[in-house]
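According to Swiss-Prot:
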{"type": "TRANSMEM", "residues": "5-25", "note": "transmembrane segment"}
{"type": "TRANSMEM", "residues": "39-59", "note": "transmembrane segment"}
{"type": "TRANSMEM", "residues": "67-87", "note": "transmembrane segment"}
{"type": "TRANSMEM", "residues": "102-122", "note": "transmembrane segment"}
{"type": "TRANSMEM", "residues": "134-154", "note": "transmembrane segment"}
{"type": "TRANSMEM", "residues": "171-191", "note": "transmembrane segment"}
């Protein structure tokens, strides 16, 4: 049980996919302008990352390895992620049309989010079992969502602040992301895996 808790904390805080592994930067910068959109994207990504992680484990364990076709791993994981994203898009469209409109193009772009594919591939490379795959996928998703929501709230505050003209827009966003990354470095000694 402790191992699973350490894996979760390590994935969320210590080895955050956005701030440490630099995966998922496109939605991190693109969807973080408004808090409401960031929360929606975080929830959708959490669902997709967790489900894609589980599906990737099952495909690897019950299809690719038994048939000896591990070389098709990346292509099959992309296909699995695309199916999971389409399922998520249908669910969001039916349950919350407002959120569906807010997320716009970013919902289908979860398919190309490198963090989703990265989590699936790292699960296999680190030889996680089924439970660890679920926790790793969920932890990566929670870490992504946490950073996205924190960054969106900071960007909203910066938008109304008196920022010098040369720093407006992407410049101050990158500086803020860097400072946020430094803050998360404080968690480095928290968990050793």
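Placed from the backbone N, Cα and C atoms, the Cβ positions cover glycine too.
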Outside the transmembrane segment (134-154), six or more residues from its ends: residues with CB under 8 Å to it: 4, 7-13, 16-19, 24, 27-28, 31-35, 37-39, 41-43, 45-54, 115, 119-120, 122-123, 126, 128, 176-177, 180, 184
Segment-segment contact (the transmembrane segment (102-122); the transmembrane segment (171-191)) at 3 or more Cβ pairs under 8 Å: no
Contact ranking winner - 5-25, 39-59, 67-87 against the transmembrane segment (171-191), Cβ under 8 Å: 5-25
